[in-house]
Structure formats: C-alpha cells, structure tokens
Amino acid sequence: MESGSGGGGLRRLRKTESAEMRWVVPGGACEEDEIESSDDGGTDTPAAASGSRGGGVSDDDDDDDGYEEDEMLRQRLVRTGPRADSFDVEALDVPGVYRHQEFTFGRSIVLTLQTLGVVFGDVGTSPLYTFDVMFNKYPITSKEDVLGALSLVLYTLILIPFLKYTLIVLWGNDGGEGGTFALYSLICRNAKASLLPNQLPSDTRISSFNLKVPSVELERSLKIKERLETSSMLKKLLLMLVLFGTSMVIADGVVTPAMSVMSAVNGLKVGITSVNEGEVVMITVAFLIVLFSLQRFGTSKVGLAVGPALFIWFCCLAGIGIYNIRTYGSEVLRAFNPVYIYYYFERNPTQAWMSLGGCLLCATGSEAMFADLCYFSVRSVQLTFVFLVLPCLLLGYLGQGAFLMENLTKSQQVFFLSIPSQAFWPVVFVATMAALIASRAMTTAIFSTIKQATALGCFPRLKIIHTSRKFMGQIYIPVMNWFLLVSCLAFVTVFGSINEIGNAYGIAELGVMMMTTVLVTIIMLLIWQVNIVVVLCFLTLFLGLELFFFSSVLGSAADGSWVLLVFAAVLYLVMYIWNYGTKLKYETEVKQKLSMDLLMQLGCNLGTVRAPGIGLLYNELVRGVPAIFGQFLTTLPAMHSMVIFVCIKWVPVPVVPQTERFLFRRVCPKNYHMFRCIARYGYKDVRKENPQAFEQLLIESLEKFIRREAQERSLESDHNDDTDSEEEIASSSSRVLVGPNGSIYSLGVPLAESAGAKNSALGSSVSFDGSLDEAMDDGRRSMDNELSFVHKAKESGVVYLLGHGDIRARKESFFLKKLVINYFYAFLRKNCRRGIATLSIPHTRLMQVAMQYMV
C-alpha cells in the first residue's frame, strides 16, 4: 500500500467499524464467490454465505435445504469485517501516470515543429483548393461576389476550427486522447452507457482521468445520467452515432491525401502548360505510394523532419498574402464585415448555396486537430493554432481574395496564379511537401481512432506498432495503412479531378463534425454541467451551421460523391457487426461459465490426474470459470497441478509498470491451487515480453498475492475479539488502513514480516490468547507450504492452454442474424488479430482446444 493513500483510509476506519459484518470459512472459502456477491452490491449473511459455496458465479439456485444445514454444521464460521476485493486492493498499487511535463524553451520549439507537421498539415493546405471548388460551377462576376465568398470563408475558419475545436472541443479529451471514440469513452466513464459488460471496479482506480464534478447544474446532470443508464435504446443510439462518426473519419482519411496531393500537383499545369490531367493523376499516384510507405517511421521522427517544412509553408502563405494585398489593394479587408455574406446570398442565392461545399474545405483538418491530440498537449495545439496557423491562413485567403478582385476570370488555380513569378517554383515545391505532410495528419488521426475503437470492442483487432518510447499514443497500424493507400488510389483514378473529390471531401468532414457537436453537447450537460442557455447556443449555432453546409454537399452527391457514402456505410457495418458479435459472444460465455458447485463435486483433483506444472488458460472472462475449461477437463487425460485463468485486458492508463502488471484472485479453496489473473496493459505498453520474463513476472506477482492474502487473514483474526472498542481501534489508526471494501490492512509492514511484527503494528491494546498465536503460526506454515508448491510447479514447467470460442446462430434464429453471425462476424473474427497474439507464446508449450457457442 502507498502511504499516500492512508489519509482517506484512516478517515474511513471509524465509519466501517459499525458496518455490517459477514461470515467466511477460514482458509477454504472461494474468494470468487465472495467477490461476485460484493460486486453486485449484495450483503452476505451467515446463512447466505454458508450456502453459497459455488453460487457466486453459478445460476443454479435449486440446492436442497439439507445441503445448507449440513454446511452450517460442518463449517466453522468466523465473524470478520467486509473482505476487500483482491483486484481492487492490488489496483491501488498502480499509480496514475502524470501526463503533464515541464518543457524547456528548446523542447517547446521542437514540440511546436512536431505539432505543425502532425496536426495542422490538413487545415494548412486548404488554401490550395478552397476557392477553386467554390467557383467551379458558378464563376464569379463582380468584386462584391469575391468579398461575399471571402467573408464566408473567413468566418467559417473562425467559427469552426478556432471557436468550436480550438476553444471548446479540445477540452473534451479523454485523458489526453481525442477523437470521436474519446468522446464516447469519456461519456461511458461518467455514465454506464457502454454496451460491453466487462468492466471491473479496479479499472476506475487506475484510470488516468479524474473527474471534477462542479455543483452547478448537478440535478440536470444526474437526471441525464440516470436516463442514459436505464435506457438501452439511448445506449444503442449513442453507439450508432459514434460508429457513424468513426466511419466518416476513416472515409475522410481516404479523401484527404487524394485532395491535398492532387491540388498541389495541379500547380504543374500552371508552370508547364503541356502537363495534362492524366499526367497529374499519375504523378499523384506516385506521391501517394511514397507517402504511405514512409508512414511506418513514426510520428515523432517524421513530425520533427517535416515540421520545418510546414513552418516554411505557413510563412509562404502569409508572405504571398501580404504581397497580394499590397499589390492589388487593401479593399479586400472589408470582407471582415459579415454583412457581405448577406449580400452574397441576396444577389445569387443558388450560387451562394452551391458554393458552401467548397467553402467548408477551408475548415478541413479541424477534426484531425482533435483526433491527433493524443500526440501532443491541448495547450501546445491551442497556442500553435492561435499565434501561427490562424494568422497565416487569414493572410493567405485575404491575398487570394485581393488577386481575384482584380482578375475575375481567373477563378481556377487561384493560389498558384497569385504567386509572384520569381518565387513560383520554390513555392510549388514547398506546397507539394506541405500537401504530403497534410495527408499524414488524417492518417495518424485514423490510427488513434482505430486504437480507441479496438479497446472499446468496436473494431476488429489489428496489429498496432508503437513508434515512440517517449510520447504515448504514437502508433502505426500496417493493415490500416495499406488499406487507406489502396482506397485512396482508387478515389484518385476514378474521380481524377479535385472538384469531384472536393464535394466528397465535404461530406466526410461534415459527417464527423456533426457527430462531434452532438457528443460534446452531451458532455456539456453530463460532465461539464454547463448552463443550459450556453449549451443551447452551442448546439444551435454549430449544428445548425453544419446542417446548412451538409444540405449543400448532399445536393451534389449524384455527381459521384455517393461512392464515399457507400464506402462509409460499409465501414459502419463492419464496426457494428464486430461490436454486436463481440458483445453476444461475451454474454454467452458469461451465461455458460462453469458452476462452482460442479468444481466442488469434482474435488481438488478436478476428476482427473493433477500432473506437476502450471497451466495458463487464456480466456476473455474477468469473473467465473470459462466453459472452455470443461473442454480441457474432458479432452486431456491429466490437468496441471496449478491452473491460472489469464485474461488480457486493456486499461485506460498510458503505462502499467511491470511490477504491477497482474491482478490475482483465488478461484477455489487452497487445495485446488486455481487462480484468476488479469494481465493489464496500458494503451502505450508494447506487449512483446519474452516468454521466460513473462512467466517469471507472473509467478512473482502470484507469490506477492499469496503473502498479501496471508497477511489479510492474519489481520482479520486480530479483529475477531468482540470486545474491541471504537476507542481502541481509533488509537491504532495511525498504523492501519481500510481497503476499498472495508478490510483492514497494516501500513508500513513488509509482506513477509513475522507474525509478531504484525501484532505490534496493530497496537498492544487488544488482548490475545495462546490459541490466536497458534493460529497465526499455522497460517504462516500454510503460506510457506503454498509458496513451496508454487516453486515446484514452476520447476516442472509452464504450459499455455488456449481456448478458441466461436459462436454460431441457432437454427431457429432469424435469417438476418444467421447471416450476420455465421458469415460476416465469422469472417471478421477469422481474419483479425487474435487476442493472445500480444504475448509471445512458444509453440512447444502450447495446447489449444476449440469450443462453439450457440447464440
């Protein structure tokens, strides 16, 4: 136990003294049963505990009345305080990782360059194509049209990337993670809205997110939370919105490279008149292949390498803008007056409405700013955008507007035509580099989103490579990288024009933006507890604006943008089917887990021969004995003398220290030698342990658990005397700590310390007799014997028992369910990365058994 936790524990000490007691069988009770009942919020009574030898994880409640009476007579019951969940106690050993670091001036400069290279590449290259797409179908005819369109671009840039994302949405991160699934995860942390029933109380204890709930609007927040937790329809609707937004993010990542690179390559047509559209497509394809091939080198390395290039690009934007304003006049500055937007729609309502899709392109990359947040801090992103990115973008658009006001007929390739002739080719080179970098911004955002979706059970498992040991969240997903490349090349060759791709680009961007607005609104009400007037203003302003833009891009969907909608729909179905199948499989495994009564009837030999050695049985359950263990019992002629059920689980912290990797719990009485182990990994952990190191760490953690358990039982015996008074316990409060569920622990006493030291740690005011000392000596001998048994089993060898559980729809199921489960989900599960692939398992010590569940 950490001494820092003592304050809260001491304050709870007096409070728990009057708490209701429970009854256990010393040395022989199944902790699995006790914990199951405590997790459900129930209270154990003597009668209930005595008859619940296996009922904690079983649905069989038809035991004979005589069974309970015989158990009451046979068992010696001990009155003690509420037992702490061993998982919760061990979880307190994992400190939250302190994310925020103090940076020197030099480190801040490096971070700024990396931020430019990773986060702002997409929004920074939008001046290459915004005006081209806006005026593609309806060319401008007057200077007032230029002022109106420019004013529309300026205020779109200010409202969406700056006001919405930089000042509001970035604060909706989940412990530093951004994106659609981060918002969903944040909501699920504060309301039980997740549809996956595999969470443990210990998960919240090691979470890196600490909610500070204000008192304002608390009543409304509680009502929303209660409504969300009790309505399965709202939970499904929330998940569907998140999956839709995620599918749009991935679609956005396909269109972004195609749009950015092709718009930059189009500059060749301005400098070399002989270059045609087909050659532009071929050059774009070559650049995209090189781009995605470099993705594997990681974010920090590539971000630092390309950061200076983006800095030069933003300087070019600002410099060209200032040059054009000085050359063509400062009249363009009148565009800051929003009244020109009204005049623009009044003169040509159809033209203005159709140009909205192109206008939105100035805000592309806003979602990438949020999704890439895991790579950097909120403050670094905000400062870089406000003091560098936004001013350069405004100057760039103002310069293009000034050029257009004097050259009304040159509404295509506006950016390249406005470049001074002396600087044309250097700027074209920098623009091409910036476009390649911009393409990476959305790709890295997709990697982060896929990782979050996988952790929440909403995306098939893929191989994830961590590219940096210094910065959490910097990852690379090979399969997704090549999938994006193939899809991007298909879009480039099929559309072949930035005008057609631009409309599809707008659909993808708006789909993500609208989902983000809805989720942030829920967070405002549920977590931030903002005043309802402010929430309504946020929702009305941004959702209304985005719906207005969306109506424009949908009007052009028949031109070919419908392909992107179909692409997003396919991705949505993949994620929904995976989530549905995973949830169904988990619930089926929970329902069909083995009864403890059955294990008790089999006896400590489990109905077979117990051969020396340790068997590590991998499964996905965090409670109960999986049904596939019965397959091993019926298939194998012998079972290992020690069995450990291992469940690999991701927890929401960056890193779990190796010394705190495992949580243990005893599954049956001691003579069964069966344990449950949850192997916890943070989202930054690289799960590539050497098998020998993994086994050694697991055994050491098991020994620590056994010593902790022996100490806990010794402390329970110390408090068995009914004459203990509140004053006596209060006098010893400086050396004891109350566990999460009420058990009393000694502070500052080593786990292996002698029994006499444990007695002195609790104070000398409590009287003990000789029988207590004898019981403590027996407990110490029992612990030594069990530790010796563990060492002998380890020397005999460790075997990995892997169970592959598949699901099939029942014959009487609907046709649609059979199609989804038997074909679609089965295909995804067969081709995804297996959950146990995160650990290196030698094939010479591997045994596998398959089992099929009918759902």
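Including glycine, each Cβ sits where the backbone N, Cα and C put it.
Positions annotated as compositional bias 'Gly residues' by TrEMBL: 1-10.
Here TrEMBL flags 30-42 (among others) as compositional bias 'Acidic residues'.
For 58-67 (among others), the entry in TrEMBL reads compositional bias 'Acidic residues'.
Annotation comment: TrEMBL describes 713-722 as compositional bias 'Basic and acidic residues'.
The feature domain 'K+ potassium transporter integral membrane' is assigned by TrEMBL to 111-600.
Marked as domain 'K+ potassium transporter C-terminal' by TrEMBL: 612-853.
For 1-67 (among others), the entry in TrEMBL reads region 'Disordered'.
Residues annotated as region 'Disordered' in TrEMBL: 713-734 (among others).
Residues or ranges marked as transmembrane segment by TrEMBL: 109-129 (among others).
Within the same chain, residues 123, 130-131, 134-135, 140, 178, 332, 335-338, 340-341, 344, 352, 355-356, 359-360, 362-363, 365-367, 369-370, 373, 378, 381-382, 385-386, 390, 393-394, 397-398, 401, 513, 516-517, 520, 538, 541-542, 545 sit at least 6 positions outside the transmembrane segment (149-171) and bring their C-beta atoms closer than 8 Å to a C-beta of that stretch. Here TrEMBL flags 149-171 (among others) as transmembrane segment.
For 237-260 (among others), the entry in TrEMBL reads transmembrane segment.
The transmembrane segment annotation in TrEMBL covers 280-297 (among others).
The transmembrane segment feature in TrEMBL is assigned to 304-325 (among others). Sequence-distant contacts of the transmembrane segment (304-325) (same chain, six or more residues past either end, CB-CB distance under 8 Å): 110, 112-117, 120-121, 124-125, 127, 332-333, 388-389, 391-400, 402-403, 418-420, 423, 427, 430-431, 433-434, 436-437, 440.
The annotation transmembrane segment is assigned in TrEMBL to 352-371 (among others).
Residues or ranges marked as transmembrane segment by TrEMBL: 383-403 (among others).
For 423-442 (among others), the entry in TrEMBL reads transmembrane segment. If one looks beyond the transmembrane segment (423-442) by at least 6 residues along the same chain, the residues whose Cβ comes under 8 Å of a Cβ in the stretch are 117-122, 124-125, 128, 252-253, 256-257, 260-261, 263-265, 267-268, 270-271, 287-288, 290-291, 295, 302, 306, 309-310, 312-313, 316, 320, 365, 368, 372, 415-416.
Ranked by Cβ pairs under 8 Å to the transmembrane segment (560-578), the stretches 237-260, 352-371, 475-498, 504-526, 533-554 are led by 237-260.
Counting Cβ pairs under 8 Å that are 6 or more residues apart, the transmembrane segment (280-297) and the transmembrane segment (533-554) reach fewer than 3 and are not in contact.
Contact counts against the transmembrane segment (504-526), taken as Cβ pairs under 8 Å, peak for 237-260 among the stretches 237-260, 352-371, 475-498, 533-554. Non-local neighbours of the transmembrane segment (237-260) in the same chain are 121-122, 125, 128-129, 179-181, 183-184, 187, 193, 195, 228, 284, 288, 291-292, 364-365, 367-368, 371, 435-436, 438-439, 441-443, 445-446, 449-450, 453, 458-459, 484, 487-488, 491-492, 495, 498, 501-502, 504-505, 508-509, 511-512, 514-516, 518-519, 522, 564, 567-569, 571-572, 575-576, 579; each lies 6+ residues outside the stretch with a CB under 8 Å from one of its CB atoms.
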